[in-house]
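Chemist: To start, I am sharing the structure in question, which I have written as structure tokens.
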Amino acid sequence: MAPSKWDDEEDSSSPPPPPVVARRKFDDEEEEDVLDSWDAAEDSEVEREKAAKAAAAAAKAEAEAAAKKKSKAQRIEEHKQERKKQAEANESDEDSDEDEAARRARLRRTEKEGDLKHAQDLFDDIDLNRNRGAPKAIVISDSADPTQAVDLSAMPLFKPTTKDQFTRLTTTLIPLLTAHSKKPHYALWAQEFTKQLVKELNSGDVKKIASALTTISNEKMREERAADKGNKKTKAAKTKVSLVASRDNKIDATPYDDDGLDDDDFM
């Protein structure tokens, strides 16, 4: 009997390959691999941080170098643009009912304040307050009662602008100051006071004031010389009168009894 077809197929089929047994990793070997991967990740993170810091430092250095190369006009323009953006940002937060005129006034005021602050930052060696002519507050307080104080700079008398106002200031101060002219330190004080008064004037105005003082000095010298001559004449006249008076009032004490004549000579 011929073998069945099924038997032939079974005989012709090859046996399956043996299973591949994977090598088992030890516990410590697996942990070492994990640690190595962590260390590598940490190293890469540190490198990235270092690279980011280096890039930031380089960008900052470039920005500083570029800023140094910019002129003052460019820096002022940049500040203006920044202030304009800030003002526009603040404008969005303001009340929507603000009218156009008020908004423009506020923007102009903000720009002026910013310009002044920036000018003070750039030219801090210039006394802007003095150039504006704003007087400093001069507060005089009572030593007995410190709460009683007066700001002289706020009084209209000390803020003259016209010729009449300056004349009024002069007529007010002169009597108060010249009342101390007989005191020992008045002359020295007047010299220093005059220097301080003309300190802010130009040389031409100072020369005119010096010429006026020279004229006053010459007039004083003539008055003093005339007074000295008058005193000398008066003194000489008094001396002459006293001599004549003393001569007239002299008593004649000559004895006339002993004249060498006897009474018999007349008989």
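Every residue, even glycine, has its Cβ placed from backbone N, Cα and C.
Source: prediction; values computed, not measured.
So Swiss-Prot lists the following for this protein:
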REGION    1-128  region 'Disordered'
COMPBIAS  28-46  compositional bias 'Acidic residues'
COILED    44-96  coiled coil
COMPBIAS  74-88  compositional bias 'Basic and acidic residues'
COMPBIAS  90-100  compositional bias 'Acidic residues'
COMPBIAS  108-121  compositional bias 'Basic and acidic residues'
REGION    220-241  region 'Disordered'
COMPBIAS  220-231  compositional bias 'Basic and acidic residues'
Chemist: Using DSSP, tally how many residues of the compositional bias 'Basic and acidic residues' (74-88) sit in helix, strand and coil.
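Modeler: Grouping H, G, I as helix and E, B as strand yields 15 helix, 0 strand, 0 coil.
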Chemist: Express the predicted model's confidence over the coiled coil (44-96) as a mean pLDDT, rounded to an integer.
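Modeler: Mean pLDDT across the coiled coil (44-96) comes out at 75.
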Chemist: How many of the residues that make up the compositional bias 'Basic and acidic residues' (220-231) does DSSP mark as helix, as strand and as coil?
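Modeler: Going by DSSP assignments, the compositional bias 'Basic and acidic residues' (220-231) contains 12 helix, 0 strand, 0 coil.
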